[in-house]
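Let me begin by presenting the structure, written as structure tokens, before commenting on it.
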């Protein structure tokens, strides 16, 4: 249904102005950005389709259509990912990518400006925003100062859906570059499970030993999946 056919107080823009953004659903907020749908598909339907769960190929686990699994997944959509959505032309893709990038930068700035990390949950939430929507495996490191304040986050290695090659020497060099006193390791499981594998446990201990040689502590290793995160430190595995 076209927005103009909705009652005025149910149209997303007017609803936002009258009641504030918290009163709107994710799809309604997204519809304001998109502004228009396409023939046979209203903008609210288009917005909801972007937020729907992805359809995965059972053989490979890769996305084979559908949406991005919510706002967190949409945050990591590339221009190529958005291009497959019928109804998103170059102008809409550019506007959407700009807004999503601003959201990522705001989260990064907020975390950098914390006096210290409030809790493991705050770090997990930040990592979910950055990693949960990826369709390939990424290994990232949060570099911290002596007060556990964030210096930088870097994605150091990218792999397939099932494995990634992580080189301890490179992690150590980046820690020295940032003059880090501690690190939080992180990687995602695109398959959806946050349970650590034996390889995850072995990698954690290898990196912990390598970083200890340069007096850098490993505080945690966080595993991220769509809608979930697990702290290996809280499981006694660090």
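Every residue gets a Cβ built from N, Cα and C, even glycine.
Between the stretches 159-172, 173-186, 187-200, Swiss-Prot puts its motif 'JAMM motif' entry on 187-200. The Cβ of residue 200 (Zn(2+) binding site) has 187, 221, 223, 232 as same-chain neighbours under 8 Å, each 6 or more residues away in sequence. There are 25 other Cβ atoms within 10 Å of the Cβ belonging to residue 187 (Zn(2+) binding site).
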